[in-house]
């Protein structure tokens, strides 16, 4: 009996020690997050640094310190988890990107964004896979089949839209921001969908039937994910418009918006769809309809709450990536052949650059053919910035690489360890080098006029949640009805129709939206005057 009680006591002591170690780790990590925010603020005006690179460098320095203290046994406070990344950190970032986006710019360039994000990702994946197949066979990195090479292509075709968003400015370079941001989100979704499709098919004995199933599955995931996001956003708008939660508690409005946004992502994961695409389009729909149905105080709260969650998640990711880069276990497997690891990293970095150039410049040329106005065309300088800003690789590539080449975050095969360490090297090198140089390149190639005041910048697109201030709350959010002006010139020929598709599609969308969607789901100008509703402080004749 005594031995039994002593064994229980020792186990409880071990659990207490383990819990205490976790508390210590979390305390240090939260302190590091605070340090990243403070240092990022101090470097706000720096033309070279941004918060992503700051968090990455702090993570690297912390990893070195922990490595020295632990005697070379460990370099990180937390173990990398795909679930932590995909289920808890990525959703608020992608949702906020859709919720805060200037829809006027996004949908004006929708076809170009889809070309870059979907077609461009496939081109990049193909080139990286083909190049890896040719070069890796000459290096001794272990057996890889065609499925592994295609997975490598999908892993390194995924751009780091988070870092790109922090480097670019939505007000100074709206076209660039819209293209790089939109392409980044669609690119991440396409890469994850492509990676999952590759993982679910046996491509060692590929034939026409398997290829057709693969393509069909890819497009099904793409379309179904988008529709699920739109549907969830519309349901949230309908519920909030009909029930007017703000009459009794604005907290319920805010809570429902947050939970519905997260529900869209989890539903996509439940049905094996792309949560990235789903939550992104849910964000766009909620900003177009739901956001206008809540009280003014809830608008302020949701705007800042979503932005804050996104910011903390972004900082968390880059801080951890920096710390995890020095994990001694991964590097131990490649210590006997550092030349091979360097060669693999260099090849992958070169293929990333070639793969991106292979679609940015040709697809920009095709996009320019369909645009009449010189102001709408993408200049060569802008194409260069788009190419350069999209070379950064980040947490999505890391997470997919861990999924493919590790088991529960660990690997015991030399070939897999080489791929993991090479992924880390590419992520660090591309984020620091390309991230540091993007701002100076924009300053040199696309100088922003200094005489333009911030008030003009805000009023140029006053209806985006990211750009409005409290005195301007009455303006609401950016709406899909500002894309091409109110006077639409109808095309007189097929050629004219092809050269101005966005304006004409938008013309009919506005008619459909005003006649059917907004009366049912609400939105700017279509919320009725009801006591206790979001419009109770506004005169009824303001709404038409």
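In case you wondered, yes, glycine gets a Cβ from its N, Cα and C as well.
Counting residues 6+ beyond its ends, the transmembrane segment (20-43) has Cβ neighbours under 8 Å at 49-51, 54-55, 58-59, 62, 77-78, 312, 315-316, 319 in the same chain. Residues or ranges marked as transmembrane segment by TrEMBL: 20-43 (among others).
Look at TrEMBL and you will find 31-442 tagged as domain 'Cation/H+ exchanger transmembrane'.
Non-local neighbours of the transmembrane segment (55-72) in the same chain are 32, 35-36, 39-40, 314-315, 318-326, 328, 428, 431-432; each lies 6+ residues outside the stretch with a CB under 8 Å from one of its CB atoms. According to TrEMBL, the transmembrane segment annotation covers 55-72 (among others).
Under the heading transmembrane segment, TrEMBL lists 84-101 (among others).
According to TrEMBL, the transmembrane segment annotation covers 113-137 (among others). Outside the transmembrane segment (113-137), and at least 6 residues removed from its termini, the chain residues within Cβ reach (under 8 Å) are 106, 144, 146, 149-150, 152-154, 156-158, 178-179, 182-187, 189-191, 194, 222, 344, 347-348, 350-352, 354-356, 358-360, 363, 366-367, 386.
Among the features that TrEMBL reports, transmembrane segment is placed at 218-240 (among others). Cβ atoms under 8 Å from those of the transmembrane segment (218-240) belong to residues 118, 189-190, 193-194, 196-197, 253, 256-257, 260-261, 263-264, 267-268, 271-286, 288-290, 293-294, 520-523 of the same chain, restricted to positions at least 6 beyond its ends.
Among the features that TrEMBL reports, transmembrane segment is placed at 304-323 (among others).
Here the transmembrane segment (343-363) has long-range neighbours at 112, 115-116, 119-120, 123-125, 127-128, 131-132, 135-136, 139, 141, 152, 156-157, 383, 386-387, 390-391, 393, 418-419, 421-423, 425-426, 429-430, meaning same-chain residues at least 6 beyond its ends whose C-beta is under 8 angstroms from one of its own. Sequence annotations record features per position, and here TrEMBL assigns transmembrane segment to 343-363 (among others).
Within the chain, the transmembrane segment (384-405) has long-range Cβ neighbours (under 8 A, six or more residues past its boundaries) at 80, 82, 85-86, 89-90, 116, 148, 151, 154-156, 158-160, 162-164, 167-168, 173, 176, 179-180, 183-184, 187-188, 191-192, 195, 199, 317-318, 321, 324, 352-353, 356-357, 360-361, 364, 378, 411, 416-417, 419-420, 423-424, 426-427, 430-431, 434-435, 437-438, 441-442, 445-446. Among the features that TrEMBL reports, transmembrane segment is placed at 384-405 (among others).
Per TrEMBL, transmembrane segment is recorded for 417-436 (among others). With a threshold of 8 Å between CB atoms, the same-chain residues lying at least 6 positions outside the transmembrane segment (417-436) that come near it are 48-50, 52-53, 56-57, 60, 141-142, 152, 155-156, 160, 163, 167, 318, 321-322, 324-325, 330-334, 340-342, 344-345, 348-349, 352, 388-389, 391-394, 397-398, 401-402, 404-406, 411.
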If we skip the immediate neighbours and take only residues 6+ beyond the ends of the transmembrane segment (84-101), which ones have a Cβ under 8 Å from one of its Cβ atoms? 78, 161-162, 165, 178, 181-182, 185, 188, 261-262, 265-266, 269, 275-276, 279-284, 286-287, 291, 303, 306-307, 309-310, 313-314, 316-317, 395-396, 398-399, 464-466, 478
